[in-house]
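S.K.: So that we are looking at the same thing, I have put the structure below in structure tokens.
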Amino acid sequence: MFVLLGLTIVNTGEVSGQGTRVGFYSRTCPRAESIVKSTVRDHLKSDPSLAAGLLRLYFHDCFVQGCDASVLIEGPQTERTALPNLSLKGFEVINDAKTQLEAVCPGVVSCADILALATRDSVDFSDGLSWKVPTGRRDGRISQASEANNLPSPFDSVAILTQKFAAKGLNTQDLVVTSGGHTIGTTACLFFRHRLYNFTGNGGPDPSIDPTFLPTLRAQCPQSTGAQNRVALDTGSEFEFDRSYFKNLKNGRGILESDQLLWTDASTKTFVEEYSDSALRFKSDFAKSMVKMGNIELKTGSDSEIRTICSAIN
């Protein structure tokens, strides 16, 4: 059971899974979590957009080969080179934390755990919440670009997204609440411009878009230029982790088609309604789903290691 105390989620029951547990480094590297947290804080001071970057980095890691930091590995044909991952950011935060941890606890803290902790801290520092992160993950030794092609896409239907989440042991509620991570961050026009022009084949926009919002979007994303222009996923609140993302969906102001579909699809609409009404419920359920997602396909034994450098296999 999760209990909300202030803005910290405290788990009063069992949160471990497949070898992870809260406080895994309490004896072997007691400063691990505080070092990661201070590193995230320092980077966000100079670039607040890194909060959303770290959250996205974690999602893209966990959905391919599990939460094993395989997305951090550099080299030809690695996950980092896959099309969905070319715009990922936040690598420097993880590398910075790893360098500091290797100085005080060499060979102890995995890159996978650093990424999990940094993601939690990035949400916390965005006026979101904190939660207890089970640690004890090991780093994967395989990273292949081809395996990143089945990541959840902004062009997917709710049915397809539900299937992709189910394949990772996550349910429809997990899909909706983790999509709420889009309450921070931006996206490029190329991922949603099709909604603004000729969406129906007769020159009209996506009818689910609030007509009064359309001129704003078209100004930011012209029909034939500006494919890389950045637009806030949560209009008016791109740096604050709050429930306005869900309010925007109800008002036809979702940016990505896959986001707006959460409001129009019967299987997900109820959750959008609930989270738009209660920030407490949204944040509490988000923490639960993040812990759940953090235990996807964890590595053990000879197929894993504790990397010395996060961007390279030992």
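Backbone N, Cα and C define each Cβ position, glycine as well.
Computed from a predicted structure; not experimentally measured.
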S.K.: Of the candidates Cys189, Cys310, which does TrEMBL name as forming a disulfide with Cys221?
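M.R.: So the cysteine that TrEMBL bonds to Cys221 would be Cys189.
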S.K.: Cβ neighbours within 10 Å, counted over all protein chains: which one of the recorded positions Val64, Cys105 has the most?
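M.R.: Comparing the recorded positions Val64, Cys105, the most crowded Cβ belongs to Val64.
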S.K.: Quick one: Cα separation, Cys310 (disulfide bond) versus Glu79 (Ca(2+) 1 binding site), in Å?
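M.R.: With distance taken Cα to Cα, Glu79 (Ca(2+) 1 binding site) is 14 Å from Cys310 (disulfide bond).
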S.K.: Long-range neighbours only, meaning 6 or more apart in sequence with Cβ under 8 Å: which ones does His60 (active site, proton acceptor) have?
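M.R.: Looking at Cβ-Cβ distances below 8 Å from His60 (active site, proton acceptor), excluding near sequence neighbours, one finds Val71, Glu79, Pro84, Asn85, Leu88, Ala148, Leu151.
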S.K.: Check the Cα-Cα distances from Cys67 (disulfide bond) to the recorded positions Asp61, Cys105, Pro152, Cys189, Cys221 and tell me which is shortest.
M.R.: Asp61
